[in-house]
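Undergrad: Quick one: structure below, then a few questions.
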Amino acid sequence: MHLKKYLLKGLHRLQKGPGYSYKELLVWYCNNTNTHGPKRIICEGPKKKAMWFLITLLFTSLVCWQWGVFIRTYLSWEVSVSLSLGFKTMDFPAVTICNASPFQYSKVKHLLRDLDELMEAVLERILAPEHSDANATRTLNVTMWNYTPLVLIDEQNPHCPVVLDLFGDIHNGSASSSPAPARSCTVHGCKVAMRLCSLNGTVCTFRNFTSATQAVTEWYLLQATNIFSQVPQRELVEMSYPAERLILACLFGAEPCSYRNFTSIFHPDYGNCYIFNWGMTEKALPSANPGAEFGLKLILDIGQEDYVPFLTSTAGARLMLHEQRSYPFIKDEGIYAMSGTETSIGVLVDRLERKGEPYSQCTVNGSDVPVRNLYSDYNTTYSIQACIRSCFQDHMIQNCSCAHYLYPLPRGERYCNNREFPDWAYCYSHLRMSVAQRETCINMCKESCNDTQYKMTISMADWPSEASEDWIFHVLSQERDQSTNITLSRKGVVKLNIYFQEFNYRTIEESAANNIVWLLSNLGGQFGFWMGGSVLCLIEFGEILIDFVWITIIKLVAFAKSLRQKRAQARYAGPPPTVAELVEAHTNFGFQPDVARPGPDPGTYPDEQTLPIPGTPPPNYDSLRLQPLDVIESDSEGDAI
């Protein structure tokens, strides 16, 4: 009951309003505010009133402008970078090593036989189109050549270049390896290009190269990709270099290790790669002390004599340092170690800590990235490299209907090959050169908020020396093959020393350049400096704004009611009827004394007594008027709120 009464009083108070007009409210505010200036506007003479009004208006505008600048600066989410140094025992990084050649030529030669013969014929026609000493003629399988051939472009007349096919004598899918007919261009006057055509052959593009070496290497790699994509990965692993052949010796600190301490993964570019201290199944190994004596020492046998001649032109080992449980993108971030040398790598650690939303677009674990991570099968952490490659593979599947061999294969998809997807090379070339595709993937992928980078200082020296070369190679050969029949040579061994230079690590951390404390202090400082105000002054100003809105709403409601009343008066002309008029409109004429009512003939019932006729009508109260139902009378306690 009390709550209902209290709510009713509150409703009456809302309907009544502040009880001031606009002018009275402004005068009250100027007299009572703690802000300097408004009080002088109403207390001084006319000239000073105008002066103080202009000054107050100017400084108010200046404060609002400064507030806008500070708020815009705060909403720009700028960061400041701090660099700090630390010293502690650190976990040794994961080390990935690969051979520069992905496969042993002795094991893949049967797959590349036709391609190698075609490659030799291509080189003959490029290098000696008219003066070849090849007397024997052999038949070549040019089925793969028909999909992506190499051509010579004669640009002696730049306005009308001439395209010459290297195998102009192709008939029924085969070609002779003898030189082609004399051409009007030589190797100095022509450029080698790769012709890529769509499925029906109506649209063709030419990928130009500045050197014939680049052209034939890219062409051979494209054809080899087509071949290896049709071989099961289990067989490819067997054709690559096994760990027991690649890793001859291993030492971590003072503890010996072997190839069994490495985790094997298959990389499409480098075949079998081996990761030390990956941390997938065991705890990461710490480094006891900085210095070369407490790092990882490896001796590798790259087996250069068994390299694929046209697939790999670089000899050595490829290695990369990375975090535990992260996938090694060794093609993009790795370095080469040259054969016949001892490569020493000193490591310094940088830790990056980025601010997340809204300061940057980084992600903690990649769960908020709208790209399917194709490297999740390796159970590795998120990285922007994995995201970009997964995004490219998705676009490859959408545009070319097949997946590229160099990237993980999604479930239910197939790798591209010439037999099932004849125009995949044309589609892949366009997609790889597409700027829109790269921008799409870069915008969709995010950097990792926390990252560790390993800065390397690399030095090299010949190893072994001429004085110790014989006995070292004999000992290594005996340890590897348990016999001295096979002797290693300088061109096939690589020695690596990987160690921490020092235990000092750098932490590069982002922090908010402008936080909420900075914003409030600057807003308050500007307001206090220019107008002598504080937070209470803002509350006072907010109060008067609420009162202004309150009065405006009451006036609008009253105006709406007056419009409704005017419409009602226009519909029913004249004053409303009185109670007496309403009663007369419904009078029962049986009660009227001056109206004779027909009755029975007196002669019929002579002895019947005649009763008086009741004719007293209700009184006519002309003073009673009908009251509108929507009018609510305020009680005497309405102002008590």
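Quick reminder: no glycine exception, Cβ is built from N, Cα and C everywhere.
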Undergrad: Which residue, chosen from ASN200, ASN208, ASN261, ASN379, is annotated N-linked glycosylation site in Swiss-Prot?
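TA: Checking Swiss-Prot against ASN200, ASN208, ASN261, ASN379, the N-linked glycosylation site entry points to ASN261.
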Undergrad: Name the residue range among 267-271, 302-306, 462-466, 617-621 that Swiss-Prot annotates as motif 'PY motif'.
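TA: Checking Swiss-Prot against the ranges 267-271, 302-306, 462-466, 617-621, the motif 'PY motif' one is 617-621.
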Undergrad: Look at the disulfide annotations in Swiss-Prot and name the partner of CYS362 from this list: CYS257, CYS273, CYS449.
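TA: Looking through CYS257, CYS273, CYS449, the record in Swiss-Prot gives CYS449 as the partner of CYS362.
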Undergrad: Looking at Swiss-Prot, which of ASN99, ASN141, ASN399 is flagged as N-linked glycosylation site?
TA: ASN141
Undergrad: In Swiss-Prot, CYS427 is disulphide-linked to which residue out of CYS391, CYS400, CYS402, CYS445?
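TA: Checking Swiss-Prot: disulfide partner of CYS427 resolves to CYS400.
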Undergrad: When you check Swiss-Prot, which of CYS273, CYS387, CYS537 turns out to share a disulphide bond with CYS445?
TA: CYS387
Undergrad: Taking CYS273 as one end of a disulfide recorded in Swiss-Prot, give the other end from among CYS64, CYS98, CYS416, CYS441.
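TA: Among CYS64, CYS98, CYS416, CYS441, the record in Swiss-Prot lists CYS98 as the disulfide partner of CYS273.
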Undergrad: Quick one: of the recorded positions ASN141, CYS190, CYS204, CYS362, which has its CA closest to the CA of CYS257 (disulfide bond)?
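TA: The smallest Cα gap between CYS257 (disulfide bond) and any of the recorded positions is with CYS362.
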Undergrad: Give the distance between the Cα atoms of CYS449 (disulfide bond) and CYS387 (disulfide bond), rounded to the nearest whole Å.
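TA: Each residue's Cα considered, CYS449 (disulfide bond) and CYS387 (disulfide bond) end up 14 Å apart.
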Undergrad: Which has the fewest other Cβ atoms within 10 Å: CYS204, CYS362, the disulfide-bonded residues listed?
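TA: Comparing Cβ neighbours within 10 Å for the disulfide-bonded residues CYS204, CYS362, CYS204 has the fewest.
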Undergrad: Including all protein chains displayed, how many Cβ atoms other than that of CYS427 (disulfide bond) lie within 10 Å of its Cβ?
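TA: CYS427 (disulfide bond): 19 neighbouring Cβ atoms within 10 Å.
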Undergrad: Between CYS190 (disulfide bond) and CYS445 (disulfide bond), find the distance joining the two CA atoms and give it rounded to the nearest Å.
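TA: The separation of the Cα atoms works out to 42 Å.
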Undergrad: Would you mind listing, in sequence order, the residues at least six apart from CYS416 (disulfide bond) in the same chain with a Cβ closer than 8 Å to its Cβ?
TA: ASN226, SER229, MET396, CYS400, CYS402, ALA403, HIS404, TYR405, TRP424, TYR428
Undergrad: Report the mean pLDDT of the predicted model across the topological domain 'Cytoplasmic' (555-641), rounded to a whole number.
TA: 60
Undergrad: When you tally the Cβ atoms that lie within 10 Å of each candidate's Cβ, which of the disulfide-bonded residues (CYS190, CYS273, CYS400, CYS441) has the highest tally?
TA: CYS273
Undergrad: Fewest other CB within 10 angstroms, which one of the disulfide-bonded residues CYS257, CYS445?
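TA: Ranked by other Cβ atoms within 10 Å, the disulfide-bonded residues CYS257, CYS445 bottom out at CYS257.
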